[in-house]
Amino acid sequence: MENETFNSVTLQLEGLKVIETSVYPVFLFFLFSYLFIMILNIAIIVLVWIDKSLHQPMYLLFCNLPVNDIFGNSTVLPRLLSDLLKPQSELIIGYYECVVQAFCTHMFGTTSHTVLMIMAFDRYVAICNPLRYSVIMTNRMVVKLTVSAWGSALVLVGILLGLTVRLSRCRTLITNPYCDNASLFKLSCENVVVNNIYGLTFTVVLLTASIGSIVLTYARITMVCLTSRNKSLNSKALKTCSTHLVVYLIMLFCGILIIVLHRFPQYSDQRKMSAILFHIIPCSLNPIIYGVQSRSYPLTLFISAKV
């Protein structure tokens, strides 16, 4: 009986607290958001695949974003849609399924940063070494950058979840609409100091590298714009950079908000909504901002102008 009480293989999800009259509007909002994200991201991948003129490092690296957006939302939203139509007592998930979902969720969040970092490297090379861009950004380099983005996220998240699954469990309630690492290790009655230290280190290293890459890249773009006499080019570059930064800052804000709100149980409803919007908002805007504007992406113009 004790083994059934502790280390239970069946967990209860807390789910979203939605009043009965709002269930279907909320359901339709999440459904259309999911369809919107899937259709746009798949369309961009197909476009880059079939249009040989887009088989360039910039676009190939960009394709990592829609792939990650599809992966991240397919992990969370279908299950969330199903759970919205169920009573609280039926929101049950198996422990191993929960671990897999938590792993995929953190892979999505981490890869969102690492992909932006390799895209920042591409922009940095294009601006600082435009004459050597084609020599540096070869197909081999694109593969290396892609593997490094996904591989580093895999290792970091693997260690994060590995430290959690080693813990015994004395609780069964996941205080979240979907599984994540923090919700999982809160099930344990053991000392989780190691988990907290690694989680904090992981977050600081990832955010420092991510923010540093973005700041460096756009600082260089700004410097080039200030020294360029092409007013039209400057306007397009600054417009594109500002919209990219808005998307990045939204993703960054949602991510940090989730981390902070995990420390304050009294704001659980706000944390749940922030966790879901972390998937929906950036993934809805990425195809529009990165995809629609890719044809007039300033770095291509920088390279052409300097060469």
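Note that Cβ sites are derived from N, Cα and C of the backbone, with glycine treated the same way.
So that you can see what the record holds, here are the features copied from TrEMBL:
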type	residues	note
DOMAIN	40-290	domain 'G-protein coupled receptors family 1 profile'
TRANSMEM	26-50	transmembrane segment
TRANSMEM	142-163	transmembrane segment
TRANSMEM	197-219	transmembrane segment
TRANSMEM	240-261	transmembrane segment
TRANSMEM	273-292	transmembrane segment
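Between the transmembrane segment (273-292) and the transmembrane segment (26-50), the number of CB pairs under 8 angstroms, six or more residues apart, is three or more, so the stretches are in contact. Within the chain carrying the transmembrane segment (197-219), a Cβ under 8 angstroms from the stretch's Cβ atoms is held by residues 110, 113-114, 116-117, 120-121, 123-124, 156, 159-160, 163, 181-182, 241, 245, 248, 252, 256, 259, all 6 or more beyond its ends.
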